[in-house]
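Heads up: the structure comes next, in structure tokens.
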Protein chains: 2
Amino acid sequence: MMGHHVSDGVENKELDAASLPSSQGHSIYKVGFPQKRNFFREFKDALKETLFADDPLRPYKDQTGSRKLILGLQYLFPILEWGRDYNFSKLKGDIIAGLTIASLCIPQDIGYAKLANMDPQYGLYSSFVPPLVYALMGSSRDIAIGPVAVVSLLLGTLLRNELDPVTEREEYIRLAFTATFFAGITQAALGFLRLGFLIEFLSHAAVVGFMGGAAITIALQQLKGFLGIRDFTKNSDIISVMKSVWGSAFHGWNWQTILIGSAFLAFLLCAKYIGKKNKGLFWVPAIAPLISVILSTFLVYITHAEKHGVQIVKHIEKGINTSSVNKIYLTGSSAMKGFRIGLVAGMVALTEAVAIGRTFAAAKDYQLDGNKEMVALGTMNVIGSMTSCYVATGSFSRSAVNCMAGCQTAVSNMVMSAAVLLTLELITPLFKYTPNAILASIIISAVIGLIDYEAAFLIWKVDRFDFVACMGAFLGVVFVSVEIGLLIAVSISVAKILLQVTRPRTALLGNLPRTMIYRNIEQYPEATRVPGILIVRVDSAIYFTNSNYVKERILRWLRDEEEQLEAKQLPRIDFLIVEMSPVTDIDTSGIHALEELHNSLQKRNVQLVLANPGPVVIDKLRLAKFTELIGDDKIFLTVGEAVMTCAPKAREDA
Amino acid sequence: MMGHHVSDGVENKELDAASLPSSQGHSIYKVGFPQKRNFFREFKDALKETLFADDPLRPYKDQTGSRKLILGLQYLFPILEWGRDYNFSKLKGDIIAGLTIASLCIPQDIGYAKLANMDPQYGLYSSFVPPLVYALMGSSRDIAIGPVAVVSLLLGTLLRNELDPVTEREEYIRLAFTATFFAGITQAALGFLRLGFLIEFLSHAAVVGFMGGAAITIALQQLKGFLGIRDFTKNSDIISVMKSVWGSAFHGWNWQTILIGSAFLAFLLCAKYIGKKNKGLFWVPAIAPLISVILSTFLVYITHAEKHGVQIVKHIEKGINTSSVNKIYLTGSSAMKGFRIGLVAGMVALTEAVAIGRTFAAAKDYQLDGNKEMVALGTMNVIGSMTSCYVATGSFSRSAVNCMAGCQTAVSNMVMSAAVLLTLELITPLFKYTPNAILASIIISAVIGLIDYEAAFLIWKVDRFDFVACMGAFLGVVFVSVEIGLLIAVSISVAKILLQVTRPRTALLGNLPRTMIYRNIEQYPEATRVPGILIVRVDSAIYFTNSNYVKERILRWLRDEEEQLEAKQLPRIDFLIVEMSPVTDIDTSGIHALEELHNSLQKRNVQLVLANPGPVVIDKLRLAKFTELIGDDKIFLTVGEAVMTCAPKAREDA
């Protein structure tokens, strides 16, 4: 029989554990065994919890066939669901929001395309088709789809490692579409296979650092356009860029360019500041870029500044996206390169889009199915890759504007898309005289928002390890390159996971005087140890990754304690109580480690006692006959009961 | 102020949580804050716990310089430590054990070399130098060093993927030494950098399956020698081998070979059985292989059976190891190949050696420093690669014999090494007439021991997921190849880790009647829920990998509960208590998730309450101002206290 002794009327006495009578005979509760479950049931449940944690099939239960089909279609195309409740007042909100983000995205798109080393029209293309596809399939109401700075930079860097964007222009564009295609395939596959949780392997801290570093890198790159430098480094690290900038300080800078750039940058930053101070004026920073473009283009056109060294866009294709189906490499080494690049860019794009979606869904309190979002984003990029678009995703800044401008549904993306269509068809030729310095100013003022120094400061305050991860990614991007920064971010995240699974925490517990409560003696200095008994809590499931460590760490606690007791000539330890409450699971390696622990303890004449093993653990311990090995009466419901039973014995021995 | 109310004298009353008075004013304990620690101190402690969990520098504290040097040398060469206490009685034990394992290893070595597609003498070489090096540097007393079946097979398979062992023999041997060199470098580096815990990423279950599968594959390969088939498949999967065997059934089998093989296999298995039944006769199976070799060689020699189709060893080089320093590739693609192969073979060899070392250390209760062992094993293989040896490691079967034969120290390895030296110098030419069938029989009888069906059965009983891992590795090796099996084993192990970090368990808690104890209601059906309060326990640290899941899972518990309550027309949930005891740590993503949880709950008019956050968690929650957000008085020392405070309020609302 397992002896489990509920503490009867002890909490209101001054409790000296060692003097307590063993309350044998008062047992009310035993450590419970869960009902034996069928293997396949168990397996199914675990699989469901892993892959279908959000229970997406719930609405389909008890439905007829045709209803299931409708629900299925609605699942794939949420527009069928929310479209039925759509009305004029929503449309009004969506039109205003859509036009606002369009005015923001058009100048940004042209600039971001340059980050990806592509012609300006490709940025606009990517703001036309992908938002339409997303509007049909996506379930976020607030996200604004299109090219974004970080992904454009990353894609541009990865592509340039393979091909030269100037001399091998045709192949470069083809590889970009190939990468976009595979980015979409990767995203959709992750969602479809319900492996979306994999994107959570980038820790928040690493993302903050990476984004901040990328923003600085992008801003530095803009110095080329901003200062009018013609001969600029191809490296993106701060040292190369600074050398380029200083090296051309006396002959390469163009004062007209700097003048235009600075004036409009000041204007943009002022607009940003106004929008921040007064939330009602959110539209000021939203339309400021377009106004800058219009004004500066007009200015250049009438002053012929392009003849005084002010660089302009020069050429931008008119008309909408052409088909690029034939340009995608599907075989050979180019396809492999495209796949590798697409995988990386797609994952980063996904991380950003899902983070945005979740943020706004939480703010407006609606549910967002991450896996479904991935399928939508993936499909959007696959279709994009066939219509001359490069990787699109959700933009932080534009989504915020979208939300503030009162968007109601994904229709705002459609409105934006229509505005981009009109731009492409009608006014792109006018962008010919747009000075590059303006685009640089727009990008600089946009990416400044990505430097989340408040988050970095909070990370510094709360968790110093996270801060190391954050800074690692940041410095990696700024001082080496965007890929290295990403690699550092991923490595640190993985290292943190490894640390978590190999080195679980353990704690010594003590009794809070006048209670039956046992707590970590580091946290509660008033907690007192019980003579002759060592109480250790293991704070993790015991698996193959940590079983040896757990065993050896417990033995080390014992060894340290025994040394101290010996030095003080106090009675030795007779019982080692392992508080198992946090040990939610154990595998065969873990059980093996417990057996070895038991053997080692027996050789030292210390009795192993377990407190509160959970349902899974007690079940497995019983099946492995470990309960028989240490004796059923060595397993208690609480530490308090274990101490009550052990303490008198420990005293006798002393 | 944080309100934490210790339950005074309630455990001996019939406790109806909802009717309890809120014990405001009786607070004795608050949730404790740990002392603020210096960042570098914290970082140092974490680093130490990760890399120096076994505190190897402890003996060096407070020692003089020269004493430190001696201790350092003793650390590197444990022989300097145990050598001083060495005496004649220990020597006696070691000589007997050493001779016993020598008689076992000589015939095995010749056979195992063939598994690696190498000439027989290389097996003997690898039993000469490596054991000597290990004896100087290793700290296990029982391990028997030399070539082993699984590593030989793995090395042979990986090498043959690159080069043909017959037509490119010279390069093949060179690549084998290169792989051995890098295997040693890998092993030593892991130990030196104290990254030994990485080998724990292969789960016990996966290793059991892999070993069993490898044993069957090796046994199947022996059918070539055992049946005297000349034309045998080069694939190792069971289907190819069986086709080869049946395909040559009528013309390729050699009855004389089968007769000799079967007779001696029967003899070996009998000897094994005797040794198993009577532990005192352990030497019977230990010397049986050598006796078989001597008898069968003599038999072939006098009957000239080699002229009747019985295949013999034919050629075996006489003399000890020659230097192979110049044969190791250090640059170029061959070095890269060697590195890759060495990495895999070295890791598998390490896993085996460390498992053996730990098993015997636990049985005889002495400490073994895994990282130090790795340095010893690595050095041994590096030196081995320069003296014509291939990857050596600890052998399960020979170590067991070594232990049973009464070995006292690593001197038994030296004795074995000396015996192998004499063999190489004096009697190798006699092995010329040894029939291959005998070597096949010896290998078959040796590898049978690697099929640990008892462990597999225990795994099946205890943990069905582990069993899937075990079978996956087993079937992968048997039906595809040894690399695929290893890949499956590693993949399943990694998947298990991912599962652990992304999908922690959560549980609903209920009150055990007449106590203040709250337990999982699945484990304790008698546990009752408290009206208006939902109590959820999160069973893991909350990190970026699982923070979203934890948040959404808690909300799902709430949603499910509310649906049920609504259906039953019971009062709604007012308080959600999260039992934080098992939450040992939290990072910025985790805090963010808690904030989102709090926001979602507020929108539903549910109050978030925390119970018993640990030292690290409460500290970070305070720094991130989360405690201010939910209110200090919403954090309690125990679930019981939280319920006592919340229950009356929940009642009022109802």
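Positions of Cβ are set from backbone N, Cα and C atoms, glycine also.
Annotated transmembrane segment per TrEMBL: A:172-193 (among others), in sequence order. Away from its own ends, the transmembrane segment (A:172-193) comes close to residues 116-118, 122, 155, 158-159, 162-165, 199, 324, 327-329, 334-335, 337-339, 341-343, 345-347, 349-350, 370-386, 388-391 of its chain (Cβ-Cβ under 8 Å, at least six residues beyond either end).
The feature transmembrane segment is assigned by TrEMBL to A:205-223 (among others).
Residues or ranges marked as transmembrane segment in TrEMBL: A:253-274 (among others).
As annotated by TrEMBL, transmembrane segment applies to A:281-302 (among others). Long-range contacts of the transmembrane segment (A:281-302) within its own chain (CB-CB distance under 8 A, at least 6 residues past either end) are made by residues 100-101, 103-104, 106-108, 260, 264, 267-268, 271-272, 274-275, 310, 312, 401, 404-405, 430-431, 433-435, 437-438, 441-442, 445-446.
Taken from TrEMBL, the feature transmembrane segment covers A:339-362 (among others).
Residues annotated as transmembrane segment in TrEMBL: A:374-393 (among others).
Within its own chain, the transmembrane segment (A:413-431) is flanked in space by residues 94-95, 97-99, 101-103, 105-106, 109-110, 120-121, 124-125, 127-129, 131-132, 134-135, 143-146, 293, 297, 313, 316-320, which lie at least six positions past its ends and keep a Cβ under 8 Å from the stretch. TrEMBL lists A:413-431 (among others) with the feature transmembrane segment.
What TrEMBL records for A:438-460 (among others) is transmembrane segment.
Feature annotation from TrEMBL assigns transmembrane segment to A:472-499 (among others). Outside the transmembrane segment (A:472-499), and at least 6 residues removed from its termini, the chain residues within Cβ reach (under 8 Å) are 153-154, 157-158, 161, 201-203, 206-207, 209-210, 212-214, 216-217, 235-239, 344, 348, 456, 465.
Sequence annotations record features per position, and here TrEMBL assigns domain 'STAS' to A:523-646.
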Task: Considering the transmembrane segment (A:205-223), which listed stretch of A:253-274, A:339-362, A:374-393, A:438-460 counts the most C-beta pairs under 8 Å - done: A:438-460
- [ ] Count, for each of A:339-362, A:374-393, A:438-460, the Cβ pairs lying under 8 Å from the transmembrane segment (A:253-274), and report the range with the highest count.
- [x] A:438-460
- [ ] Could you give the residue numbers and ranges of same-chain residues that sit at least 6 residues beyond the transmembrane segment (A:339-362) on either side and whose C-beta is under 8 angstroms from one of its C-beta atoms?
- [x] 140-143, 148, 150-151, 154-155, 158-159, 162, 175, 178-187, 190, 196, 199, 202, 207, 368, 370, 373-374, 377-378, 381, 391-396, 399, 403, 483, 486
- [ ] Please indicate, using numbers and ranges, the residues of the same chain that are 6 or more beyond the transmembrane segment (A:374-393) and have a C-beta under 8 Å from a C-beta there.
- [x] 76, 113, 116, 118, 122, 125-131, 133-134, 137-139, 145-148, 151-152, 155, 176-181, 183-192, 196, 321-325, 328, 342, 345-346, 349-350, 352-354
TODO: Provide the three-state DSSP residue tally for the domain 'STAS' (A:523-646): helix first, then strand, then coil.
DONE: 62 helix, 21 strand, 41 coil
